[in-house]
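Here is what Swiss-Prot records for this protein:
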TRANSMEM  87-107  transmembrane segment
TRANSMEM  118-138  transmembrane segment
ACT_SITE  213  active site
BINDING   413, 415  substrate binding site
ACT_SITE  577  active site
TRANSMEM  659-679  transmembrane segment
TRANSMEM  683-703  transmembrane segment
TRANSMEM  723-743  transmembrane segment
TRANSMEM  775-795  transmembrane segment
TRANSMEM  812-832  transmembrane segment
TRANSMEM  840-860  transmembrane segment
């Protein structure tokens, strides 16, 4: 989920103030926490441009931790804290205050100078200006205290990893969610799983759970193939310390520095793994034909049964969705399935085999164990609301509790993968730190994307939100949950209060009724609260545990419970991510923000205009649903920090701004019908106020760019796509909530489809694909109105009906029109399709449109004039208006 306004990120390194902070994977130079080695070798990361603007704030704490040497028995300090240098922070806050004063003075001036000749438009614009000021303030105040926290991975290793190769790190369950192998290409999902299995985390301490919410045998068989390939891929990653550990992304990189321990074997191993991966992809693609052929063969052998079943490789009927849907075997109506693909490994390293004819890669010095891998397809039956992604993750929560019950959980969408193998360790640093670790419900990592066009035309990276706003929230109660790449504390998801509000740790389960009637699950809750315990070996899948797993996945399990309300991920809202994070914050938990270099996780994003707008529509509609629900941040949550409440009000109410913004964007139509552009007099004073307010906003933005590590293009794209969203989808989101308030259905939200480019030449093919949809037309109208307004203004100026003062006022109005067109420029490129590869064509078309409309306006004015006629002679000449002076 993303919101308007700025964004923020934590991470990176700082060389200022003697803190010696590191960038993600590096240790800090100022010593460590309790029990750390004072003489530990420091590995400094490459300094990024933004790091010089940050200084440490925890030097006294770190010095005290080093001095006691861990003798106090407390956990170490596992992250460093930084704030923006005063040379930037003080001007940033001062500019914010000055702009606020300017907005207040502007509003007072407007109230004292009503425009009698256009009171209707004046009142609308005054209300709009007031709302713009309020929404800006709501967005800005959350960024006045940005904080960066940088994990100390070296100290974590010193404290928890043992010399014999074992580790005392806590257990971690990783959730992956997917639905459709077509709209969500399976190669993405399987790469995500491979990167999780190969992550730099104790093998016996983390497990991976794939939730297939479509119950597709394609995913099941694909996971079997992935488990086989992982036996080669994961040891290869460990032997050569490669990054990233998703093979599709790894092999796409032409070259990178070698960091492994066997350089003499690397080239041959690399070639062999590349061949194996290509064959693996062929096998995955072949499943779409192999499974139907296999099923046809079995169906012919069982023709007397009269059904066209889908068959598994072992000759049993697939209990999930069939290729030819049948009763009890179709989407929305099938049995639950759970299958352990890779068993839980032993807690002792297991070395592989030396190179041989069958396997030319030498793994004799490599631990070849693999983490536990589980396939889940929950039960679905007619008459039950399955609650989409939130419902699937709640089933994962219960099933994993019965099998591994790790105290920490991290969730991914099916198209995201682990880009930095140490990312899991980074999140654990925040969870185990002795300062706020126990009260931290989740650690949010920023979203980063592959295959986005170089100019990021549709602001997919959303850097202003992820690298500024979330960094600001990090200084309050913590960032919001954005749906993927987030590490949770299991008991926090269960609705348990944080320790600061729960002095009695023994009273974790206050009511079994809210969790359901499964005793084994309820008994697992207090066990999960022990965050430093290891994953115990899961029970054997005997009849009793299989029945418990079946009960946990049953549709009726949640009836009469608090699942989807105060337990697990929240239901009945399009943005279950934001409201789930809000539920945790309002009960007193805090969150942390972690940015690493290289990026912790990466994924795919829609680069097609229509798909991107549908994504924004779902986010904005869900935001308003939250605002008008019992989770409204305006009222809910007595434990919510006041500034955090303001941030959530902004994140949920921002689409309302589009109502007034759309009025301003369509206001230039007055050029056409009235020939004036006044909503306030004296007009020059009005424009002067606007220039001051806008200039102050841009100045604030330039300072924000510095401390957040953004680029000017990031800032421009954020402004452009906010205007595009405000014209195309935010009004639909407002309409959606109005309809729902009247008990009607509301607007349907379309899930974003992901596609795999088949060749390098088609890498950005979706960018140039025009998918016409109704939500495109409001922005097209705004473009047309502003082009017509500029053309009409030119026509009126040439016709000679304006005084010099009127032309001066008109020129100020034209600046507004041109500014609108520049902001909507990416949208205009999007609807041009492949013509947008030559952007100059757009400018030529716009200029031609200006000329045509100006000539048309001149002709209309001339024909309406009582003393002047405009007509053409056969010879091709023309009689021009007398006011032109010819």
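Cβ from N, Cα, C; glycine included.
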Criterion met for the transmembrane segment (683-703) and the transmembrane segment (775-795) (at least three Cβ pairs under 8 Å):
no
What whole-number Å value do you get for the CA-CA distance of residue 413 (substrate binding site) and residue 577 (active site)?
12
Which residues of the chain, 6 or more past the ends of the transmembrane segment (840-860), have a CB below 8 A from one of its CBs?
787-788, 790-792, 794-796, 798-799, 821, 825, 828-829, 832, 870, 881
Using a Cβ cut-off under 8 Å, which residues of the same chain at least 6 positions beyond either end of the transmembrane segment (118-138) come close to it?
99-100, 103-104, 106-107, 110-111, 646-647, 649-650, 653-654, 656-657, 660-661, 663-664, 667, 670, 678-680, 697
Around the Cβ of residue 577 (active site), how many other Cβ atoms lie within 10 Å? Please give the count over every shown protein chain.
24
Cα-Cα separation of residue 213 (active site) and residue 415 (substrate binding site), in Å?
15
Would you kindly give the Cα-Cα distance separating residue 577 (active site) and residue 415 (substrate binding site), rounded to the nearest Å?
17
In DSSP terms, helix, strand or coil for residue 577 (active site)?
helix
DSSP on residue 415 (substrate binding site), three-state: which is it?
coil
DSSP state at residue 213 (active site), helix/strand/coil:
coil
